Amino acid sequence: MLAFLASVLVHPGFKETLQSPDAPRSGLITAIYYLGSWLSYVFFAHPAADRIGRRYAALVGMAVICLGQALQTGAFGSHALGMVIAGRIVAGTGTAIISTSVPLYQRVGYAMTFWDNDRGLSVGWRFSLGASFIPALFFMGALPFMRESPRWLVEHGKTEEAFETLQFYREGYYTSDEARTELSDIERSVAIFRISGLTWVSLFTNRSLFARLWRAALLQFMAQMCGAIAMKYYLPALFEALGFSHRVSLLAGGIESTLKTGCAVVEVLIIDRVGRRLTLIAGAIVMAFALLALALPPGFMAPRYGRRTKPLFARTTD
């Protein structure tokens, strides 16, 4: 649900509905999503997860995302731009809750937006947005049957339920005594945190915590500045600027998103075997060469297609 704009922004029906938005408006549609995410992260996502649990916080977040998607899918008339912007803010708010509760879900349905977009002029982009409701409904339907986080259960005094949850998740790997030992470790960790007196301000006042904070923030900053987010949102637009047809541009975006989803699965399988640092370094090297290969063709491709490449401006943050 996050990156449907990559295919929708170049769709003729979307352009017609929004009266051919210029670059600043397209940039606003893209970036305003992160305003909703930021506000939700700061004021709502973590308190909701701590108060009602990870499962139901994720359920609320997905419902909010669906509301945002519905606003965007139903955009029409003179209010189309406003509905899309409002929908992006609402969807960003819900995504922050999902990311806080169950971050691995972020890949689900990502590739569908490309492969379902090449439809009729007026409804293709709406179909692309509507298709994202399918994994959302499956996710919402499965959540009530999932077990709550053992740590959250311990924090709320539900120790026996936490032990049953640990046994359920560790069945076949841990004995009952080992599960009880892990539960004791969780209880000890929760108790230490409660008597420590740490608050969010401690992230800036405690030297050790601040060292972790700036390193984590720097990694996130570099992840946004490396160019991957630009590809996430503007790859089809970039290919159209190079002179490729609309269908080929969407095909390129679909291949990219499908590979990204597949690689996320591969990463889950290898990250604990080779380590996070080596995985990060290898991924950065591969991406650097891929972006270099993507940057070289414009000077060679434009003369071949008998047209100048269009200027493409994109500024995104994640």
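Numbering starts at 1 and runs along the chain as displayed.
Using N, Cα and C of the backbone, Cβ positions are placed for all residues, glycine too.
Keep in mind that this is a model prediction, so the values were computed, not measured.
According to TrEMBL, the feature transmembrane segment maps to residues 56-75, out of the candidate ranges 56-75, 236-255. Per TrEMBL, the range carrying the annotation transmembrane segment out of 81-105, 181-205 is 81-105.
In TrEMBL, the annotation transmembrane segment applies to 278-300, one of the ranges 209-231, 278-300. Against the transmembrane segment (25-44), stretch 81-105 shows more Cβ pairs under 8 Å than any other of 56-75, 81-105, 125-146, 278-300.
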